[in-house]
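**Student:** Before anything else, here's the structure in question.
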Amino acid sequence: MEKWWFNSMLSNEELEHRCGLSKSMNSLGRAIGNTSGSEDLIINDTDKNIHSWSDSGSYSCNNVDDLFGIRDIWSFVSDDTFLVRDSNGDSYSVYFDIENQIFQIDNDSSFLSELESSFSNYLNFSYLNSGSKSDNRYYDRYMYDIKYSWNNHINSCIDSYLHSEISIESYISSSSDNYGDSYISSFICNESVSVSDNGSSSIRTSGNGSDFNIRGRSNDFDINQKYRHLWVQCENCYGLNYKKFFRSKMNICEQCGYHLKMSSSDRIELSIDPGTWDPMDEDMVSIDPIEFHSEEEPYRDRIDSYQRKTGLTEAVQTGIGQLNGIPIAIGVMDFQFMGGSMGSVVGEKITRLIEYATNGSLPIIMVCASGGARMQEGSLSLMQMAKISSASYNYQSNKKLFYVSILTSPTTGGVTASFGMLGDIIIAEPNAYIAFAGKRVIEQTLNKTVPDGSQAAEYSFHKGLFDSIVPRNPLKGVLSELFQLHGFFPLNQN
């Protein structure tokens, strides 16, 4: 696997002209000097207009050992110009123009290689010895691994460019005793970047076998909103996850491993074998039984709004399918639909699912994600707790069938007080928020402070409330083993 480095500190007048950019050079502070210490510009022909990438013979930059301060360099660096170095040491200058769909590469590196070397030495000396990056936010763009083909490299370059637009925190690491062998890689962060109260962010640096922290200010960071639709923000570490790959990673944060919310459709795709899903009662919708009206928005209008937003008819999807070849009945709640609240339609769909599984002797999986009973339906929503529990009693106690309850974040209120806690096996996701009454309700009712973490899945697990905490990655395999232990086997086995 080849590794490519994208360094941002490589644009100067030569690149400004060669890339067809017109950025003024009048804002230059102290110039890139030579070994004699001269203050004259080594590259100072600002009147020339060079539009070809291959036209660089009139420029030279020899014996460069003195660079701008980081902030000075950023006063004239082009955001669209990068240096790419492959594993063979060959350097390329890369130009991006997203709006005009231009992607150009030039491998004439007579100037770039020397500038890159000087910049690398400067970074190693400045950051690893002075221990400060307070004047720098952008000294590196992104490190990307390239596989298979040059086409993939181009795609990776574009992805890296998008990463760099919102990158503010970088990590310097070294696996050797020689700082010159260090490589620099950037990680994508969001507005907060796990910033402490004083507004500083940390950089973890490794060198000579020792670790230490460098603190840098990030108060002046203003994230680029242009590519916000490309990223999913983690609720825990505030890191950004590339949306293109986020679904394939089961909505798990790449930075901290936190399990973010999943839609019911994604959970069905995660659990059910392809081509085996058969939904039930899709056309069942609420008719506003108590004619609940709100000053902000009528109940029926709110239902219609969530139906358009999510593509669902209600806050739960029920149906039958196969899990590793084992026929099952499954119900999956969707928190995106009115907070996964349980109204009369949700209760009826779950009850019908349990009755169908009872008649067909199928195991049941219920994936819970709910804020509780739906207040817009009053006591009718509370009645669903008793109705579902009654059907579950017949399924479990009389028919001796197997019910697995999976609690995800959040699971609260009437769902927790009914079928959420009635499973023969109760599984929770890591860090899931699980409670009967929410923290705010308890504090307002009892006038007492609820300790942080007291309603997290890990705390409840240690108190014996669940059977297991299972991450999403192995969940399907765990469920398959549980079913086989209870006598439910794949259809293709004798």
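Glycine is treated like the rest: Cβ placed from N, Cα and C.
The annotation domain 'CoA carboxyltransferase N-terminal' is assigned in Swiss-Prot to 230-494. Taken from Swiss-Prot, the feature zinc finger applies to 234-256. Summarising the annotation, Swiss-Prot assigns Zn(2+) binding site to C234, C237, C253, C256 and lists sequence analysis as the type of evidence.
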**Student:** So around the Zn(2+) site, C234, C237, C253, C256 aside, which residues have their CB within 8 A of the centroid of those CB atoms?
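**Tutor:** Here the nearby residues are E235, N236, Y238, G239, N241, E254, Q255, G257, Y258.
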**Student:** By DSSP assignment, list the helix, strand and coil residue numbers for the zinc finger (234-256), in that order.
**Tutor:** 4 helix, 5 strand, 14 coil
**Student:** Just to verify: the residue among C234, C237, C253, C256 with the fewest other Cβ atoms within 10 Å, which of the binding-site residues is it?
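**Tutor:** Counting other Cβ atoms within 10 Å of each of the binding-site residues C234, C237, C253, C256 gives the minimum at C256.
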